[in-house]
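**Q** If you scroll down you'll find the structure; I have some questions about it.
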Amino acid sequence: MSAADKFLYVDRNPVNNPLAQADWATKKLVWVPSERLGFECGSVKEERGDECVVELADSAKKVRVNKDDIQKMNPPKFSKVEDMAELTCLNEASVLHNLKERYYSGLIYTYSGLFCVVINPYKNLPIYSEEIVDMYKGKKRHEMPPHIYAITDTAYRSMMQDREDQSILCTGESGAGKTENTKKVIQYLAHVASSHKTKKDQNSSFLSHGELEKQLLQANPILEAFGNAKTVKNDNSSRFGKFIRINFDVNGYIVGANIETYLLEKSRAIRQAKDERTFHLFYYLLTGAGDKLREELLLENYNNYRFLSNGNVTIPGQQDKDLFTETLDAFKIMSIPEDELIGLLKVVSSVLQLGNMSFKKERHTDQASMPDNTAAQKVSHLMGMNVTDFTRAILSPRIKVGRDYVQKAQTQEQAEFAVEALAKATYERMFRWLVMRINKALDKTKRQGASFIGILDIAGFEIFELNSFEQLCINYTNEKLQQLFNHTMFILEQEEYQREGIEWSFIDFGLDLQPCIDLIEKPASPPGILALLDEECWFPKATDKSFVEKVLQEQGTHPKFFKPKKLKDEADFCVIHYAGKVDYKADEWLMKNMDPLNDNVASLLNQSTDKFVSELWKDVDRIVGLDKVSMADMPGAFKTRKGMFRTVGQLYKEQLSKLMATLRNTNPNFVRCIIPNHEKKAGKLEPFLVLDQLRCNGVLEGIRICRQGFPNRIVFQEFRQRYEILTPNSIPKGFMDGKQACVLMIKSLELDPNLYRIGQSKVFFRAGVLAHLEEERDMKITDIIISFQAWCRGYVARKAFAKRQQQLTAMKVIQRNCAAYLKLRNWQWWRLFTKVKPLLQVSRQEEEMSAKDDELLKAQEKHLYAEVQIREMEEKQHQLGAEKMALQEQLQAETELCAEAEEMRARLAARKQELEEILHDLEARVEEEEERAAQLSGERKKMQQNIGDLEQQLDEEEGARQKLQLEKVTLESKMKKVEEDVMLLDDQNTKLNKEKKSLEERISEYTTNLTEEEEKSKSLQKLKTKHEAMITDLEGERRNKHLHDRHSTFYVF
């Protein structure tokens, strides 16, 4: 314990030195700006108008400083103060000096009003042992020095007392110590909230004490191995975000946990910047695997893997071999079987082997070929695939053209991209499976917790030389978290003051981050960076360059966006985040956002003979691409619907929205992590770097509002219930309104009016007042308990005394009887009586003996009968005992449920009364507001007329723009379809031309024949006419001849 004291407690002897106090008062010590140290100590020697002559303490040099640049110095007694809200002079120089002095003394934790500031020491400190945990367990914040354990205990006690979900948010830049503090939070909770019951599983084998807590602690090393990596700023940087939700029952014991992860930087698995490493596990495996495991996993040396671009990069003070053993032990504690572990390591090895697959361009074509398929054979062996099918899927995959599938040869670039995309997707799926498996182990009880504490550990703000899509998402997340901090500390705090009717002038701290957040996430009018990126992903000919041009066109005039003067590449733009300006290179952003994957390889992996691999790719059939989207169903904007392609940006934005909604529904506890230097050196603090972080994180503003405002508040009912013990007889019997009761109680407590405010439903206190009331309450309860204990001891002593008196009386009676017996036994007549009495009883004894024999026989029969009955009763007793045990277990469960229900009913009743009081007050306020609304209604109508005209113009312009946009998209889609139709029509046209030519020849032949036939027809017609005339003549002649013959016959008669 003594070794840890100097890292926790401040030595107050030098601080309280009266000579230092006198020196500060006589010299008028102040802080002046310094280019080297940020601020330097000096004494004011002379004042000249707006300037002062200051003598610097270190160099005795005199400098002239503007009065506005001088900052007051605190008295020496405030040196190394534990809570910076106690500083009499609150300014940047004093805060920086206090943090610096504490840091150089090994005191890394400092309170800053309602939250805690921690500076990364870059070395191990002896302040995280179990003895230290026990020191902080159940202690109030002001009773112990600042520590992450104190913040955690406060959150835990608040959850138990208020039944309100809590969250602990460790925020800061990359390398500031967020992950380490997150681990300490989990360590503390696992210790103080561990159940002491021995649990039994279904196989009737007992689990060891604290099995769940052990698994919760071991989940972190596994996730760090697979998700953390060495970067330039941090040797153990989290390359993914995680939200750990620890569930507690009504008694405060841990009943389960759940881990949600966000945005794994999977591109690190295939490519790393200079002096950086890929994920830790690759190095653990290559260093720590034994000969048998290396042979089974087909492992090689570091330099043989292309995906380990920097070779074997070591981390000072870290032994990868030992960490590999620790990781395997963690898998055992997590109850992950060996076959799943081997399958997991095979996937890791296959990811490395994918990087060794090389392709080259064919001599006369652009088609890619694989001259050496050794790496492909190893990948196929590790992942349970046929090597021929695998290489065919990479080099000439089947793609869908219309309704048919055709094989399309890939270029060298396309094949290399497909392999890298496969490696990233495989590692990501393996990581998701690992998180799912850990969650399954941590939630095996399936019990619903009464409340939870959420711990957020997400990648810190990043500004690298090369900032890509991953950095934009990380920085966007940190913007949202900082906005939550600002909203919680400044906006909501002041809005509640106004809502409760407390006299308060709204202070604008100038920390609104919404403009930058809108620049990134706004869906329309104008669309933000992510929306524009999604929009570009829909167009087949879009490029990173066209995306940047569209961003510059839409957001060029945004105050948080500008185009850098010196461009390394045309696809560059700059965003002004709360932590500074960040230049982004948009290379491969469209690909990263769409995250395309070779469907042929995915199908092979889904059908893998390896059970573990096929499990990873079991949902491959649910992958939906861009071709599944109907463009006609989207008027204007692109709307997400079932079956639609989801981009990485959309999915991450949805995940982040859910996370922020969860955090807003909890009571947040902020831990601001500060990085002291970028060299990762212990004991070095760069003033300007720390100052920038303090300004960006709103530390000064948080202290200021804590001092000016009323950070502690409690509802009337709870205040009366909790502190009525301090004000006996102040509230008259019978019903009394909660607000009136609180007024009487506070009057009885004789509090300074400046220390509290009474609102509509709550009592508000300055910082520290409620803690003082808690101390007085504890002292009062202690006095009552001591009095009760004294009464109990008196009662027990009186009962013991009465019992001793009864024992004394009994002893006297016994002594008297003994003395009488001693006198009687020597009396002669008594001795004769004792000798004669047995002789008189001989005959009587024989009669009694025969009677006794008869009774004995009857008694034996009764005994046998009783034994039979006893056996029956014992069997019945065992049966009833079992039923009793079952009923007792059922009764205990029902009692717990009843207790929970009763507790919830009490809370709801208190809440109902509170809400009824609020409703009564609000109804009065609503009447006032309605009167004001009626007055404002007239003005509103006038303004609405102007607004209506402007909105109509705006709607017309927006409608025209959307219509043109829709027409553009529709026409491009139609044009692409028409081009395909034209190609088909060209083929049909060629065929038709040939058929036309043959038909024309036949038509010509038919025309000639027709002409000849027509001529024949004409000649035949002439012959027909001629013949008809001849026939007519012949018929006339025949008729004349017939008449002539009739006449000749007549004359003969």
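Just so you know, glycine gets a Cβ as well, placed from its N, Cα and C.
Just so you know, TrEMBL annotations are computer predictions that nobody has curated.
Quick paste from TrEMBL:
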- 25-75: domain 'Myosin N-terminal SH3-like' (DOMAIN)
- 79-778: domain 'Myosin motor' (DOMAIN)
- G172, E173, S174, G175, A176, G177, K178, T179: ATP binding site (BINDING)
- 656-678: region 'Actin-binding' (REGION)
**Q** Sort out the sequence-distant neighbours of T179 (ATP binding site) for me: same chain, 6+ apart, CB within less than 8 Å of its CB, listed by position.
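**A** Set apart from T179 (ATP binding site) by at least 6 residues yet with Cβ under 8 Å, we have C170, E224, N228, N236, S238, D457.
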**Q** How does the model score the region 'Actin-binding' (656-678) in terms of mean pLDDT?
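**A** The predicted confidence over the region 'Actin-binding' (656-678), as a mean pLDDT, is 91.
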**Q** Is the region 'Actin-binding' (656-678) packed against any residues at least 6 beyond its ends, judged by a Cβ distance under 8 Å, and which are they?
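**A** For the region 'Actin-binding' (656-678), the nonlocal Cβ contacts are 99, 103, 112, 114-120, 122, 148, 151, 154-155, 158, 162, 164-178, 181, 233, 243, 260, 262, 454, 456, 460, 476-477, 480, 484-485, 488-489, 684-686, 689-690, 693-694, 697, 699.
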**Q** Setting G172, E173, S174, G175, A176, G177, K178, T179 aside, what same-chain residues sit with their Cβ within 8 Å of the center of the Cβ atoms that define the ATP site, listed in sequence order?
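**A** Nearby residues not in the site list: N120, N234, G460, C673, I675.
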**Q** Would you count the other CB atoms within 10 A of the CB of K178 (ATP binding site), including those on all shown protein chains?
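**A** 27, counting other Cβ atoms within 10 Å of K178 (ATP binding site).
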**Q** Going by DSSP, how much of the domain 'Myosin N-terminal SH3-like' (25-75) is helix, how much is strand and how much is coil, in residues?
**A** 6 helix, 30 strand, 15 coil
**Q** Under a three-state reading of DSSP, tell me whether K178 (ATP binding site) is helix, strand or coil.
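**A** In the DSSP reduction, K178 (ATP binding site) maps to helix.
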**Q** Same-chain residues six or more away whose CB lies under 8 A from the CB of E173 (ATP binding site)?
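**A** Non-local contacts for E173 (ATP binding site): K233, G460, F461, E462, A579, C673, I675, Q693.
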**Q** My understanding is the cutoff is Cβ-Cβ under 8 Å with a sequence separation of 6 or more in the same chain; which residues meet that for G177 (ATP binding site)?
**A** V118, I119, N120, C170, C673, I675
**Q** What kind of secondary structure is G172 (ATP binding site) part of, going by DSSP in three states?
**A** strand
**Q** Please spell out the DSSP helix, strand and coil residue counts for the region 'Actin-binding' (656-678).
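**A** Secondary-structure composition of the region 'Actin-binding' (656-678): 9 helix, 8 strand, 6 coil.
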**Q** Sort out the sequence-distant neighbours of G175 (ATP binding site) for me: same chain, 6+ apart, CB within less than 8 Å of its CB, listed by position.
**A** N120, T231, K233, N234, S237, G460, I675, H678, K680
